[in-house]
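Quick notes on the structure that follows.
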């Protein structure tokens, strides 16, 4: 591959040197020769004697650019990590270097001042230091850099993933089996030359919309004077899922272009596959005072302001079209359609910045963000991870398909949905006790991670199966189990529609591999769990109870056959039904 230059620019303390070091370690692990021209090191050696006048700074950058060009000409990668505050001199280097990648490390002054251990920003702001870049000396931000990383809001690993994705897209570096791991441990593994990369997040970047430190305090204060939008249980969970990156690449609620293409084609406006509209609906009255280009505060049901939305769009959707395309029905008996029709007639689109969790986790021991699960998988050395979505207790059929999937993967993530579900679904706390008991007694614990998925259930069947798969990709799963009637309700979808819908995309577009399973049962012929593919015999040889039949048994305090459910799980369910009756 041709040589190239990665030109980091940004204010002092914005993370240029840190990211250059991380990127160089990752590229060396991919057998790319790298030379890093760090700003302080260059000033000590290459540019010794130069001052801080504009002329001297330009000379410094020209020297760095010349050396970087020579390194790239030799076929290597040169990285520069100087502030390089002036746009004209940076553009001059771009014009002279054939393969030039500008990375703008953006960060707000209050955040930089807070993280500045030397206290230079505070002194500059107080007037004690003169000619300090970004305070009383100008810094001209790039207008069209190849990559922008917001180091005040993103983790180092997330910023690194964005840079790598662009370098891979440009063809400057080889793709690595999957992608860079999004954790410090994984980065260390890469630096050591290990092949421990995980699947890339959807869109190449693990989004992080949390606001922290001084920026958080500033935004929270500003939010007090903004118009308020009330969140409900669904949109509260959506805010959290966007914030933690589970809905990557979404950075907020969809605008009308993304929304319409998702509804009609299951793609974002960029062309990236995405199957579910993620929208913020409001009443006519609430929408009336809001204008595109302004901000609004998002208020949780308990009265707290938890986020701010930067409004980029406002429109009236065709909800009948949305219902038919997404849920395949307009009947309000369908819980997804019922919710859709109950919400306001106006949709608001825009990126969000999140101050606080809308709802505290009911299961903190199992509450892991995508960045956290990725770090866990990397530390375990897992590369092939299969995700299993469930909103029900795990019975023998589920146990069978998860263990079958685990045979071809390094690890299994049991990822129960604990957000809003139907009123007749089994409560999340009861289900969690079932999962704990089952994993403790019937799984190899070192190969299984139990972690909650705090999203709302939408009951969109086939479309939601794709949505669930893409979310698990963001959590680091390379594989995803799709069983019979995934995310279905009633008789609105065919038994295997949720498997067949994946054929709408060409191989590789989704970036995650589905493992499709037929209905599993206990076969009296083979004396084990099986499917119609592996066990002969008619229906009389299959122990396969309906959900209604199981509920009747449990309500009477009777254990289902052990071929259907582990007795430990059944006892927990019986106890729950007795206590709730």
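Each residue, glycine too, has its Cβ placed from N, Cα and C.
The region 'Adenylsulfate kinase' annotation in Swiss-Prot covers 1-200. The ATP binding site feature in Swiss-Prot is assigned to 10, 11, 12, 13, 14, 15, 16, 17. Marked as active site, phosphoserine intermediate by Swiss-Prot on the basis of similarity to another entry: 84. The region 'Sulfate adenylyltransferase' annotation in Swiss-Prot covers 201-581.
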Rounded mean pLDDT for the residues that make up the region 'Adenylsulfate kinase' (1-200) = 82
So which other residues, same chain and not among 10, 11, 12, 13, 14, 15, 16, 17, have a Cβ within 8 Å of the centroid of the Cβ atoms at the ATP site?
-> 8, 81, 83, 105, 107, 112, 151
Take the C-alpha atoms of residue 15 (ATP binding site) and residue 84 (active site, phosphoserine intermediate) and report the distance between them in angstrom, rounded.
-> 14
Listed recorded positions (12, 84), ranked by Cβ neighbours within 10 Å, top entry = 84
Counting every protein chain present, what is the number of Cβ atoms, excluding its own, within 10 Å of the Cβ of residue 13 (ATP binding site)?
-> 23
Which of 11, 14, all binding-site residues, has a Cβ with the fewest other Cβ atoms inside 10 Å = 11
Select one residue from 10, 15: among these binding-site residues, choose the one with the most other Cβ atoms within 10 Å of its Cβ.
-> 10
Length of the line joining the Cα atoms of residue 10 (ATP binding site) and the residue listed as 'active site, phosphoserine intermediate', in Å = 7
Alpha-carbon spacing, residue 16 (ATP binding site) to residue 84 (active site, phosphoserine intermediate), which is rounded to whole Å | 11
If you draw a 10 Å sphere on the Cβ of residue 16 (ATP binding site), how many other Cβ atoms land inside?
-> 27
Pairwise Cα distance for residue 84 (active site, phosphoserine intermediate)/residue 11 (ATP binding site) [Å, integer] | 9
By a simple count, how many Cβ atoms lie within 10 Å of the Cβ of residue 17 (ATP binding site), its own Cβ left out?
-> 19
